[in-house]
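Novice: So TrEMBL has the following annotated:
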type	residues	note
DOMAIN	34-239	domain 'Peptidase M1 membrane alanine aminopeptidase'
BINDING	His106, His110, Glu129	Zn(2+) binding site
SITE	Tyr191	site 'Transition state stabilizer'
DOMAIN	350-669	domain 'ERAP1-like C-terminal'
Amino acid sequence: AFIISDFKSVSKMTKSGVKVSVYAVPDKINQADYALDAAVTLLEFYEDYFNIPYPLPKQDLAAIPDFQSGAMENWGLTTYRESSLLYDKEKSSASSKLGITMIVSHELAHQWFGNLVTMEWWNDLWLNEGFAKFMEFVSVTVTHPELKVEDYFFGKCFNAMEVDALNSSHPVSTPVENPAQIREMFDDVSYEKGACILNMLRDYLSADTFKRGIVQYLQKYSYKNTKNEDLWNSMMHICPTDGTQTMDGFCSRSQHSSSTSHWRQEVVDVKTMMNTWTLQKGFPLITITVSGRNVHMKQEHYMKGSERFPETGYLWHVPLTFITSKSDSVQRFLLKTKTDVLILPEAVQWIKFNVGMNGYYIVHYADDGWASLSGLLKEAHTTISSNDRASLINNAFQLVSIEKLSIEKALDLTLYLKNETEIMPIFQALNELIPMYKLMEKRDMIEVETQFKDFLLKLLKDLIDKQTWTDEGSVSERMLRSQLLLLACVRNYQPCVQRAERYFREWKSSNGNMSIPIDVTLAVFAVGAQNTEGWDFLYSKYQSSLSSTEKSQIEFSLCTSKDPEKLQWLLDQSFKGEIIKTQEFPHILTLIGRNPVGYPLAWKFLRENWNKLVQKFELGSSSIAHMVMGTTDQFSTRARLEEVKGFFSSLKENGSQLRCVQQTIETIEENIRWMDKNFDKIRLWLQKEKPELL
């Protein structure tokens, strides 16, 4: 990378004498300090963790005013969007601090994974991206413990599963030839799934063994190119330091170990195990049937769509973990076959698999397994961790999609949220429930849609009422506050709306100089943007703002307008890329694609400007994928499906073959099936008395 600019810079030295500098436009150089400190700390962490010095004399981090991707790891000169690097103490949000820390740690991890050791060809892109994504969590957990990033990790796995459950998914390591196919590899499967299976492997081998394996890999292949198997081979020759001997390159151990380390008794064949996760697409559904002390386990390929449970014959080596009503110490079992049985020391009331969601698989509890877990959540939800609660919410709704669990049971499970206070279960529930009414918004279902929105508000009302309109608390408390207040205001919850209106009036009459608590700004702006005068004022502030957080908050609120003319104008302006930068366009298109008034405009804009969009953003790029999914993947009628199919097939080699097109078509087909199956049940369920919500 070469940069010629009038940027200003600030610099610091690391302990080992590397000069670290952050470059930005002169107006914003005062926002560079946070990233500079983070970069120094993280670079020192990696030198120590990998036990390999950073080989260059300097590391520059540059904030680029209009930049298509989030950031780029050029060796010694990493480049970023301004929003991914610049932190304004007065205005930046808690989630922005978290985001900047993660992105800087991602690009710096690439200085080892990707730059020092590079994959041989793009089919193994995940060796770069999955690793850098995974290392964000390993590093930031240590360098910035107050951010508690380990709590957010499994959210990445659910994102990956969303696309990995479709027939159009691909193995983590998959052959690619032309530039568009290579660009398509930069997706959730390479990044998120890659990171999740590495996390699962680390949990399985132990953090220490895993670390020694990757250090060996980096040292052995420095300044060289690698394939998938080189990584597994490096992992194979590491044995835990507890009396294990190496035999033929495998670790084996004498038979006296306890059941908790069940899988260490066997030879740990990392390569065979990990090939099942990197060379096959998708992931397993584990069905658990408990009878007395016997736990029967069965695995099958989880897939949405009409081809449910395709006989792909895929088997995975699944490192199962579980806790029970009798023991909260984690038990382990490596499932390598289609079915197996394990025997518990005594009968239990409930059993929860995939502890902490460290494994990349979902679990179905047969017979009354779900009933006992649902009961546990109602009676004493804190018995299991917040990550375990979030994974139950996710898995329940995944099972509804393949008709293993009824929608009524999944909705009943969510009623416990009346007593939930932690961010991840709440966010997971919103990720499951909001898309349901988003499907209804795009159809004439106003009555049930309204009842469903009321139900969601009732469910969270107590927690919403508890939120203070301040910036107090931990990062997760602040992110939760921001989202809950936004939800309450957008859903027209009067106590929220009235307070936001008051704030907005005062902010506007101070000409935008009054400071609003950062965590409530999103809600305040979203309410303010609902009338013309407020919308115009926000747009004028957008033009002069120097804060990335403030700009993104304004951008979001402008896109919530119910005025089609305003929305059309936003599409045209951001597409021009003068006042609103081109980098913002995919996000604005998607926001308008999610707007109940705006979605027809967004879909029309995509179709009418397809050729120009492809010139700007390139076929196969993740920007194009976001725009395709963002304008179409909430349709749920045959007519819309035909419209989408017709448009994309007419593009021939200019887009019809894209994976995102297959993904959106499959998603719409799934939405149609899902609504046909569940809409009436939801309607009836909403009419039932729910004593929990009174």
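Just so it is clear, glycine is given a Cβ too, placed from its N, Cα and C backbone atoms.
Unlike curated records, TrEMBL annotations are generated automatically.
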Novice: His106 (Zn(2+) binding site) has how many other Cβ neighbours within 10 Å of its own Cβ?
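Specialist: Summing over all protein chains shown, His106 (Zn(2+) binding site) has 25 other Cβ atoms within 10 Å.
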Novice: I want to check the contact list for Tyr191 (site 'Transition state stabilizer'): same chain, sequence separation of six or more, C-beta distance under 8 angstroms. What comes out?
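Specialist: Those within reach of Tyr191 (site 'Transition state stabilizer'), by Cβ under 8 Å and sequence separation of 6 or more, are Trp126, Glu129, Gly130, Lys133, Lys156, Ala160.
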Novice: A 10 Å Cβ contact count, applied to the binding-site residues His110, Glu129: which residue has the minimum?
Specialist: His110
Novice: Whose Cβ lies within 8 Å of the mean position of the Cβ atoms of His106, His110, Glu129, the Zn(2+) site, other than those residues?
Specialist: Glu73, Glu107, Ala109, Phe113, Gly114, Asn128, Phe131, Ala132, Lys133, Met135, Tyr191
